[in-house]
Each structure stands twice: as C-alpha cells, then as structure tokens.
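Visitor: Relevant sequence annotations retrieved from Swiss-Prot are reproduced here:
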- His54, His58, Cys128: Fe cation binding site (BINDING)
Amino acid sequence: MPLLDSFKVDHTRMHAPAVRVAKTMTTPKGDTITVFDLRFCIPNKEILPEKGIHTLEHLFAGFMRDHLNGAGVEIIDISPMGCRTGFYMSLIGTPSEQQVADAWLASMQDVLNVKDQSKIPELNEYQCGTYLMHSLAEAQQIAQNVLARKVAVNRNGDLALDESLLNA
C-alpha cells in the first residue's frame, strides 16, 4: 500500500494551532486543488473531544466558506481528522497560509457568537448521522483555545520525516 503524504511528516514537531499546505494538485482542466492541514491540537498530546469536534464540523464548514470563498478560492470540503487533532480542508485555488489562518480565526470568533445549540446547522436526524452527539460548549472551548493561542504555520520542509522512521 502506498505511503500517504500525511504520514511523511513528523507529527512530533508539529505546532498547533497551525495551518499547513498538505498537498496541491492540478486537475486535467488546469484547476489547482489545495489540501490544508488545519491542526487544532498538538499530536499525541491533545485531542479534540468527540462532541465538540462534531459540533465544530457543522459550524466550521459554513463559517470558513463565509470568510475564504471568493477571488479564485472555493472550498470543496472540510472534514475532521480521524485522530481528532484537526481538520483537512480541500479547496479549489491557492490561498496563502495567512489567508487561511485569518479565515480560521474569524471562523472561531463566529463559533463563539453562536448563542445556543438550536442554532447549529443540520442538527436533526435527517441531516446528521449522530445528531444527538453535539456540544456547543465544547466547540466554543475549542474556538477559545485557538483564539488564545493564535494560528502558526507548519511547513512541510520543517516536518519532513526522516526516512529511517518510516514504518518504524
């Protein structure tokens, strides 16, 4: 099985919260797709709570689109990582890490402005596979943490995993 790009970076050297260009690719029609690693937690030291990450998934996708879409950028998807330390965001375009960081911080402020759980989008059994597994309070604590710590940039060159550690 091929080694995925996300496993070629040294997770012990990642900063969080931090944005990283995980991958870029060009479609046959010439569009650039960029995948960003939006790392909320320091790997193997912190983890996002399941209800909070789920609520954040519902809120973050819309708020990031509000702040980042336009001028050659269109978000395709924002999905939580299985390890619960962040999200992957795939988009058409090539925004800078700073543009993404600014949109992320603005989105976290938007999360703090949500007044109650009934305002979480798609919070019903028809649109959500686990609609009872939510916590606005946990999502807001995650947002507060990001705002307090700011958003750094993780660079692939700084995180390149030593080949001797691959499959260790």
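From the backbone N, Cα and C atoms, a Cβ is placed for every residue, glycine too.
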Visitor: Using a Cβ-Cβ cut-off under 8 angstroms and a sequence gap of six or more, which residues of the chain neighbour Cys128 (Fe cation binding site)?
Guide: His58, Glu122
Visitor: Which one is it: of the binding-site residues His54, His58, which Cβ has the fewest other Cβ atoms within 10 Å in this structure?
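Guide: Per-residue Cβ counts within 10 Å for the binding-site residues His54, His58 bottom out at His58.
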Visitor: For the recorded Fe cation site formed by His54, His58, Cys128, which further same-chain residues have Cβ atoms within 8 Å of the site's Cβ center?
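Guide: Here the non-site neighbours turn out to be Thr55, Glu57, Ile120, Glu122, Leu123, Thr130, Tyr131, Met133, His134.
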Visitor: What kind of secondary structure is His54 (Fe cation binding site) part of, going by DSSP in three states?
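Guide: The residue in question, His54 (Fe cation binding site), is helix (DSSP, three-state).
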